[in-house]
Amino acid sequence: MDANTFVLFGATGDLAKRKIYPALFNLFLDGKLPEVFSVIGLGRREWSDETFKANIERSLHSFSRREASDAEAVTKFLSFFRYHVLDVDRKEDYQSLLKLIEEREQALGAEPNRLFYLSVGPELFETIANHIQDSGLGDTKGWKRLVIEKPFGRDLQSARDFNAQLSKAFTEDEIFRIDHYLGKPMVQKLHLLQQTNPVLQASWNNRYIANVQITASETVGVEERAGYYDHSGALRDMFQNHMLQLLMMLAAHLPKGDDSEQVRSKKKHVMQSLEPLLRQDVATQVVRGQYTSGTIQGKPVVGYKDEAGIPQESQNDTFIAAKLQIEDDFWRGIPIYIRTGKRMKEKATRIVIEFREPVKQVSNTNNGGKPNLLVFEISPNEGIYLRLNTEGEAQQQDLTKVLIGSHKSGSEVPEAYENLIYDALRGDSSFFAHWDEVELSWKWVQPILDAYAANEVPLYPYPAGSFGPQAAHDLLAKDGFEWWFDRESEAATSAKNTGNTSSQASLSIK
Ligand SMILES: NC(=O)C1=CN([C@@H]2O[C@H](COP(=O)(O)OP(=O)(O)OC[C@H]3O[C@@H](n4cnc5c(N)ncnc54)[C@H](OP(=O)(O)O)[C@@H]3O)[C@@H](O)[C@H]2O)C=CC1
Ligand SMILES: O=C1O[C@H](COP(=O)(O)O)[C@@H](O)[C@H](O)[C@H]1O
């Protein structure tokens, strides 16, 4: 059953402005919001309803993927919103909030089903959860849900403590932990692709797959988040959550249907089957990097240590690459390489599956040397590609790239937050991170955190605008592989710079 009241803590903040209001607006345009709907925005700022609505409208104009040009639609959308001043530590603010919610529920004839969305720093989660419990806000005749943003802990122990605290006020079924990578449409389609395509099902195992490469590269640097990022780094910010979730979604052999229990149990199986990383192996299986000055899309940029708010002596990681192995019957023996970093050459999240080379083995000729690839472009553009050997092309530099299904560019792809908020409103937790997954992820990552803290892993510099440190390439080279598409991307850039957009450059998957 849909939520009727959306209670937004942190309604004056950055995430609300950039993601939550635009997502709600696009859901509204698609007719996906409940018919009876009310949003109560909360913050310490002394805003009136009018100021609040004006801010929301501005956010739609700046950040919505679809234009907010229909004045009537915008007015109707804004009519859902009310603002309430609340300091999370002030008990009486929760009492007045309860009164406002009940008034709105009565006026609208809404069921008392309440979704509490915490778009605030994690240090406030526990206080808010306890006050929701104590004030009677959660004591509703309908149901309650809690949506929380990352980060979910800083390490294994803090995540466990944090979860224990939240569990006093909300059951696991009521907690929806957002990992926005799980909301990306291509990620949500991964299991359907396997289930509905026998050709993929048949080849989704160690008989046919040589290796898997998962990349999330960003061109942005630390931006205005130095305070947060310098205490987080690529490992905590991206790897422990988004990258391991991508791995789970790819590697889980999910059953047909959308039963969230099944999805979670299969994802948990992947994490439980991950070969544990021993602390003494971290330095050989993990590459830690930090960007130095360089050029991004033709513009010079400063190195990490020269970014505003970053201390000169910072040892923080802005890049990580790691080799993982899953010990189960499907994946045993397939190396899985994961990398993510800031200030890299291109903005791209993609998964590449490299298949073994049966032609070479069977015919013993030179022209079977290129493996087939299956490529999932996840964002910012979306598409699935297969690279095949085709007759007469074996002598050429590269293989034929076949687009499967449609290619969608940025604005056509629904934002992850649209999918996730829609699911949270309906109570479908399939694409939210369950506590078991979060705990197992921290458990796997903990030896890396320990090795970093003890400085047992070199911190390799890499120039902004590159694909990371050389050591990340060596990680694959040791196994006889290389990261796919780095060279094509380099070629595409240099072709663009020289005006030659034929040959290699056209092979780049965009
Ligand atoms: N911004 C982003 O792109 C992303 C953010 N996140 C996570 O989302 C959460 C919010 O981030 P973001 O929006 O960037 O943070 P901001 O600092 O921009 O906003 C924080 C919000 O919290 C409110 N707040 C702070 N202290 C109190 C208090 N004592 N009582 C009541 N309200 C309070 C502020 O309201 P006021 O100032 O009016 O009191 C403000 O609305 C964080 O957990 C962050 O890690 C996750 C992914 C991406
Ligand atoms: O959660 C985060 O994700 C973004 C990258 O998200 P994407 O959808 O643009 O790929 C990252 O920039 C940020 O540091 C991190 O906190």
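Every residue number used here counts from 1 along the chain in the order it is shown.
Placed from the backbone N, Cα and C atoms, the Cβ positions cover glycine too.
TrEMBL entries are annotated by machine, without manual review.
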- request: Among D155, D161, D237, D306, find me the residue TrEMBL lists at the same substrate site as H180, K184, E218, K342, K347.
  value: D237
- prompt: Say TrEMBL lists G10, A11, T12, G13, D14, L15, A16, K17, D87, V88, K150 as binding NADP(+): which of R44, R65, R114 is in the same site, per that record?
  reply: R44
Task: Check each of the ranges 251-270, 391-410, 491-510 against TrEMBL and return the one annotated as region 'Disordered'.
output: 491-510
- prompt: How many Å lie between the Cα of A16 (NADP(+) binding site) and the Cα of E218 (substrate binding site)?
  reply: 22
Query: Which binding-site residues from the list R44, K342, K347 come close to ligand 1, meaning a Cβ under 6 Å from one of its atoms?
result: R44
Statement: Cβ contacts within 10 Å for H180 (substrate binding site), all chains included, total 20
Task: Going by Cα-Cα distance, pick out whichever of the binding-site residues T12, D14, V88 is nearest to E218 (substrate binding site).
output: D14
Task: Among the binding-site residues D14, A16, D237, name every one whose Cβ is found under 6 angstroms from ligand 2, counting any of its atoms.
output: D237
